[in-house]
Amino acid sequence: MIQELKADLNGKGQKHCVIVSRFNEFITESLLKGALESFRMHGVEDVTVVRVPGAYEMPMVVSKAAASKKYDSIVCLGAVIRGATAHFDLVAGESAKIGSIGVQHSIPVIFGVLTTDTIEQAIERAGTKAGNKGAEAAATAVEMVNLLSLL
C-alpha cells in the first residue's frame with residue numbers, strides 16, 4: 001500500500017515566531033510585511049515577532065525560541081548582501097546553521113534569509129520582481145506544521 005501525505009495551508013490555531021534581522025532593515029521590513037500578510041491569509045492569528053541585530057545573531061535566538069516549546073514554527077528573515085557585508089561568507093554560514101536547530105528540537109525552522117550578491121537582487125526577492133520570500137517562508141511554515149502533524 002502506498003500512502004501519500006499532503007498538508008494544507010490552513011494555519012488556524014497555529015502559533016509562529018518570526019525572527020527578523022534589523023540589518024538591511026529596508027529589505028527585512030518588506031520580508032516581514034510579506035510574512036505577516038501571508039500568515040493572515042492562511043488563518044494564523046498568533047505571531048510573535050522578535051527583532052535581532054543581524055543574521056549572525058539568529059541561531060542563538062532560534063535555539064532559545066525552539067527550546068521554549070511555545071511555537072509551532074520559527075521563521076527567520078534577513079538579508080545578507082555580499083557587496084554590503086565584508087564578512088558575507090561568515091554571516092551566511094552562521095545563519096545557515098539555523099536548520100539544524102529545527103531538527104534538534106523537532107520544530108520547523110524556515111530559512112527566509114536572503115543571501116544575494118547585490119542590493120538589487122535582495123529588493124527583487126523582497127516583494128518586487130521575484131515575489132516576496134518572506135511571504136513564501138510563512139506559507140512554508142504553515143504547511144510544515146500541518147505536515148508534521150500528519151506523521
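Yeah, the Cβs are placed from backbone N, Cα and C, and that goes for glycine too.
Over in Swiss-Prot, the protein carries these features:
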BINDING   PHE23, ALA55, TYR56, GLU57, ALA79, VAL80, ILE81, PHE111  5-amino-6-(D-ribitylamino)uracil binding site
BINDING   ALA84, THR85, ARG125  (2S)-2-hydroxy-3-oxobutyl phosphate binding site
ACT_SITE  HIS87  active site, proton donor
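Annotated features, which come from Swiss-Prot, shown on the structure.
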residue	record	contacts (Cβ under 8 Å, 6+ apart)
PHE23	5-amino-6-(D-ribitylamino)uracil binding site	PRO53, GLY54, ALA55, GLY78, ALA79
GLU57	5-amino-6-(D-ribitylamino)uracil binding site	SER21
ARG125	(2S)-2-hydroxy-3-oxobutyl phosphate binding site	LEU114, THR116, GLY131, ASN132, LYS133
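For the 5-amino-6-(D-ribitylamino)uracil site, whose annotated binding residues are PHE23, ALA55, TYR56, GLU57, ALA79, VAL80, ILE81, PHE111, the maximal Cα to Cα separation is 16 Å. Least crowded of the binding-site residues (ALA55, VAL80, ILE81), judged by neighbouring Cβ atoms within 10 Å of its own Cβ: ILE81.
The most densely surrounded of the binding-site residues TYR56, ALA79, judged by C-beta neighbours within 10 angstroms, is ALA79.
Here the Cβ of PHE111 (5-amino-6-(D-ribitylamino)uracil binding site) has 20 other Cβ atoms within 10 Å, regardless of which shown protein chain they belong to. When secondary structure is read from DSSP and collapsed to three states, PHE23 (5-amino-6-(D-ribitylamino)uracil binding site) falls in the coil class.
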